[in-house]
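My structure is below; once you've seen it, I'll send some questions.
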């Protein structure tokens, strides 16, 4: 048996690659597993659990109980949830409407407007940061939910993805409805929108994740404790009491990522597809 | 025949009547948003960058001169470039190699995609919070390194190791994105190339070198461009590990950190606006250079 068959060799190579990837992947997510483990370690607030271990020596729910005790985290959860809910509605509907117009509409200046929409992706958010703050301040809307929710109406990536989605649907759908005398809105709401389920789901997930994780802009516009979102609360917490209260901090961090984690694990197929698509189309 | 022409004409006139304006209603939310939250602030920011104080007194290029001559801006520029450069140097080749490995598998590709993408979906704030503990003197990193005989380091106490801490955190967070983009492009390479090469007797490594890499230059360029755009805007990682002033010794002070501190700490809107325009110019220039350098068609 000097030479293995090609198939057997391939199987060996696959096995080795899989082991290597598993090793790398474990290193990559190890900090996460450790975060959960430190959260369950009762004494982690007094002593850093050293040497680092995955199974806590003194397992308890103590830190997680502390996290929920003063109610700040629940308030932050509510705030992040409300902001995300309205942001998703705004950004998904404007993307669906806009994407449809760029896909099926025939009007003057279409190309120019499309370039304008795509150009907004190139502009760093920081260039608009200060005037945005001043503007919302003049309307007395600083320290409210509005500055966080309203700007999500711009969703250039969503428009691009929607345009591509509607481009794939057959033109015949529209023609027959037009012959029946249906207007553009009727055609959109009765024929195209019901077919747009998958793209709507993708956009909703991406927009939810973006909203739930957003940090810099909420940091600038929110001051009162009652309106703080989850990332704001976590950053405040970790900078005030970070490593001294290691157990509670890790428990808070773990609780803070549960929604995005759950959504990701359930919908991972959609998410990974849309990420890949957005990168492919940039070419 | 005649009826057909009439029908077509009728349809065309109807289109022209209901035509243009109806589409603008579809686009209204987006256009309104862009006008209010992009175009207006851009113009306003440009105007503010030439003014000073609450009275918004016109001062010409003074803010730009101030920013370009300021030591803390130079420091921010250096830190931002240093962190972005090394982060890309780690993430892009590593993401490419891991994507190739995943792509070579016949089973379990999906599992590995999900596994490697997990860090990317978590918020940077949560990731940084975990890293504060990983980087703790009694944390995971020192413990892992001690296995190789490397002495204990207090990562966030020394400027150089603090910058490398941010590089590590940013790489950890961005790796999954690179892997997904690379994988999608790897799967878009026609299998015919590989078949032809293996008929000619090329080894798998040679196929990788002569088929995979040349076909992947496009997606690697995209990752470099997106990576620089993100890298020049770096803030959250540095802010979480180093606070408002980017401690220690301003080693984690980034360009956006400069804008944030001068704009909202010092209420120097003019200076901050000038800095934000410099950042915009820098990003546009970098994107342009990258496109030119890699001779990419967009």
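Yeah, the Cβs are placed from backbone N, Cα and C, and that goes for glycine too.
According to TrEMBL, the protein carries these features:
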DOMAIN    A:77-267  domain 'ABC transmembrane type-1'
TRANSMEM  A:12-33  transmembrane segment
TRANSMEM  A:76-100  transmembrane segment
TRANSMEM  A:112-136  transmembrane segment
TRANSMEM  A:148-166  transmembrane segment
TRANSMEM  A:187-208  transmembrane segment
TRANSMEM  A:245-267  transmembrane segment
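Can you walk me through where each of these features ends up in the structure?
Residues 84, 87-88, 91-92, 95-97, 100, 104, 152, 155, 157-158, 161-162, 165-166, 169, 173-174, 177-178, 260, 263, 267, 270-271, 273-274 of the same chain lie 6 or more positions beyond the ends of the transmembrane segment (A:187-208) yet place their CB under 8 Å from a CB of it.
Sequence-distant contacts of the transmembrane segment (A:245-267) (same chain, six or more residues past either end, CB-CB distance under 8 Å): 35-36, 38-45, 48-49, 62-64, 66-67, 73, 80-81, 201, 205, 208-209, 212-213, 230-231, 233-234, 237-238.
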Can you name the far-off residues of the same chain, 6+ from the ends of the transmembrane segment (A:112-136), with a Cβ under 8 Å from a Cβ of it?
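Sequence-remote neighbours of the transmembrane segment (A:112-136) are 98, 102, 142, 146-147, 151, 154, 156-157, 159-160, 216-217, 220-221.
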